[in-house]
Amino acid sequence: MDLGHGKCWDTSKKDSWKTLLLLAYQSLGVVYGDLSTSPLYVYKSTFAEDIQHSDTNEEIFGVLSFVFWTLTLVPLFKYVFVVLRADDNGEGGTFALYSLICRHAKVSLLPNRQVADESLSTYKLENPPEKDSSRVKMYLEKHKALHTALLILVLLGTCMVIGDGLLTPAISVFTAVSGLELSMSSNHHQYAVVPITCFILVCLFTLQHYGTHRVGFLFAPVVLAWLLCISALGLYNIIHWNPHVYQALSPYYMFKFMKKTKKGGWMSLGGILLCITGSEAMFADLGHFSYTAIQIAFTFLVYPALILAYMGQAAYLSQHHDNTNHIGFYISVPGKLRIPVLIIAILASVVGSQAIISGTFSIINQSQSLGCFPRVKVVHTSDKIHGQIYIPEINWMLMILCIAVTIGFRDTKHMGNASGLAVMTVMLVTTCLTSLVIILCWHKPPILALSFLLFFGSIELLYFSASLTKFTEGAWLPILLALILMTIMFVWHYATIKKYEFDLHNKVSLEWLLALGPSLGIARVPGIGLVFTDLTSGIPANFSRFVTNLPAFHRVLVFVCVKSVPVPFVPPAERYLVGRVGPPGHRSYRCIVRYGYRDVHQDVDSFESELIARLADFINYDWHRSHGTNSFPEDDASQSNESSNEYSLAVIGTVAFSGIPAYEIEESVQLASISGGFSTVESVTDVIEMEPVGVVERRVRFAIDDESGSHSPADMHLQLQEELEDLLSAQQAGTAFILGHSHVKAKQGSSLLKRLALNFGYNFLRRNCRGPDVALKVPPVSLLEVGMVYVM
């Protein structure tokens, strides 16, 4: 499988049935592994304690009716026909919905937002905004408390996805291996199932650092074989044991079930809801495939296979009432086929577990990108397949907790209760966020969004309430995990925002930087100094502290801001936003590097070389622009900025899409053929400019003639070559990375909660998690850390 950048399907062939069927086949291994293994444990969890299988078959038929309508309403109607359409440039998941909402309403809590971000090609709006904003949008934007509440809702969904990544491998592998109990005595199987499950889990987590791309081609065949297996078994059991079991699909059997079982039936819904575990993966993994491919795979293969599997089990159980203590999947499998089915089931459970583990890594990486999770090491296991990542710290924590859950619970009942609560919480969060998307992004009437919220929300609340009743029987685990993770994520995000506000209020003016010189005892040393900051304008306080204690800074100075934008991907040609800090002779620049929440961050070597190349492109572009060698439709407005200390920023592309390079520097400069790399169409270039302080960006077009050099003043060429030679010599002298080493303290008079969060919580996380230098992979010999105390 080639899960390429963003959607891996070729848009020129999106209507090709051959391409769609291939993608639908590939999606089986990535999207449906968890959902397809749910027949292993649904009936076993449902009949664990709350209800009993009686001779009247009202219970088993009622459960089958609930399973059928739950699978029909939630995965099919809600996800396939509605939620999958709420994609963010082809990406799905909790953060995709949050990103969409933040772009259509000013509810984001992310710092350093810029007007220029809205010019990104991926920052597109679903529909043009209406002139008259909806009342819901105005109400959301007006009340800041709702911004925080929305973020907490997103973090809750994220925490439950992480909890599901812990519980799904445990319950899937455990129930698959538990098929051995029918082939072994009760004295032996209880000592075999748990160790074998733990062994498989250890192997699964140990092999994570190799990535799934080497064995990914096996995932789809395994899940396909499993779906065909359970379909065939279901058909066999229906025909052989009870051909009239289809009558139980009527909603009337749900009514009879609840009337007879009453409270016990309501509590048993905590087991029935497990039939839709893994449905969220259809939306979360949307970016790897197309909407149509996922729709085809579920509607025409996964959904019928699951219905046949559940009907087959119900048909078998309707004729067997003597094995009420062993209700489960394997009891309905003919004896001669149990071992082959057991092997396929274990393989399918491993594939499903692998998908949810990879999804956990992905959502933690997204949380980290948006400043909602402490920094962790992210390893990209494949150069060809986008999104294949591995996080060592999270992997080993998941493995230890997963084994602890398996050993601690030792039965499907408790694991199912825990997993069910996590699944329903994620679905409730998705329903709430999708309702906002319907109003804010699709501009539909609020009554439509309210209908969606009430209809699907009521179904999910029913199941959620049933799960909460199992609090003491396993459901406490996801609640505890969510409480711990939400505390960590919220404290980290809160401190990150407060640090940014502190930097914003304590930044130094540009006049201060320009005044530094030999008269004040300040020396300029050879090399390039990269000063990392979260600010997009002004001089950060950590640099002023650096110069105060060490009265020298580098000949070429670059203030670098690596920021996240609420889009899944930022095209490489739009990633760098470059401008000057001060006049050209000061050799100071600002570079804003923008990443989406699913982008792969560059390693330090490629980042350093590309940053310097973009600086060279900008220098060339800026000299041609400011000295009038180009034909600017809006050149007068551009040049008017040069009189002030606030200089415009330009988007400097990394690749030229077509045509000849925008311009080339003469070979005598020693920087051989440095291309501007803008998006060109026959030597016509697009550059997005924006004013750093609240000015709307404008798109200008200019053409660089091949013979423009002959019309340019000689001194302009000399100054241009001199600046580029300074950049080259500074690069050869070496690059220093200047980063802030922060310590946070709550100011006097702060509340106890704030002091605990900042003085203890955040500082503990900061000391025990990876620092910014490790995250950026900065070589220790090139690192300069500036100590800063943030009093907030």
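Cβ from N, Cα, C; glycine included.
Remember, TrEMBL labels are computer predictions, not curated facts.
Features reported for this protein in TrEMBL:
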| type | residues | note |
| --- | --- | --- |
| DOMAIN | 23-514 | domain 'K+ potassium transporter integral membrane' |
| DOMAIN | 526-792 | domain 'K+ potassium transporter C-terminal' |
| TRANSMEM | 20-40 | transmembrane segment |
| TRANSMEM | 60-81 | transmembrane segment |
| TRANSMEM | 145-163 | transmembrane segment |
| TRANSMEM | 217-239 | transmembrane segment |
| TRANSMEM | 264-283 | transmembrane segment |
| TRANSMEM | 289-311 | transmembrane segment |
| TRANSMEM | 341-364 | transmembrane segment |
| TRANSMEM | 389-409 | transmembrane segment |
| TRANSMEM | 421-440 | transmembrane segment |
| TRANSMEM | 446-464 | transmembrane segment |
| TRANSMEM | 476-495 | transmembrane segment |
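Counting only same-chain residues 6+ beyond the ends of the transmembrane segment (289-311), those with a CB under 8 A from a CB of the stretch are 7-9, 14, 20-21, 23-28, 30-32, 35-36, 38-39, 42-43, 64, 67-68, 71, 75-76, 80, 84-85, 87, 90, 227-228, 230-231, 233-235, 237-238, 245-246, 248-249, 275, 282. Contact check: the transmembrane segment (421-440) against the transmembrane segment (20-40) gives fewer than three Cβ pairs closer than 8 Å, residues 6 or more apart, which falls short of the contact criterion. Outside the transmembrane segment (145-163) by six or more residues, the chain places 94-95, 97-98, 101, 107-109, 139, 280, 284, 359-360, 363-364, 367, 372, 418, 422-423, 425-426, 429-430, 432-433, 477-478, 481-482, 485-486, 489-490, 493 with a CB less than 8 A from a CB of the stretch. When the stretches 60-81, 217-239, 341-364 are ranked by Cβ pairs under 8 Å to the transmembrane segment (264-283), first place goes to 60-81. Spatially, the transmembrane segment (217-239) is not adjacent to the transmembrane segment (60-81); fewer than three Cβ-Cβ distances between them are under 8 Å for residues at least 6 apart in sequence.
Counting C-beta pairs under 8 angstroms (sequence separation of 6 or more), the transmembrane segment (20-40) fails to reach the transmembrane segment (446-464), with fewer than 3 such pairs. Beyond the ends of the transmembrane segment (60-81), by six or more residues, the same chain brings 35, 42-43, 46-47, 53, 245, 247-254, 256-258, 260-261, 265, 268-269, 272-273, 275-276, 279-280, 282-283, 294-295, 298-299, 303, 306-307, 310-311, 314, 317-318, 427, 431, 456, 459-460, 463 to within a C-beta distance below 8 angstroms of the stretch. Predicted-model confidence for the domain 'K+ potassium transporter C-terminal' (526-792) is 71, expressed as mean pLDDT.
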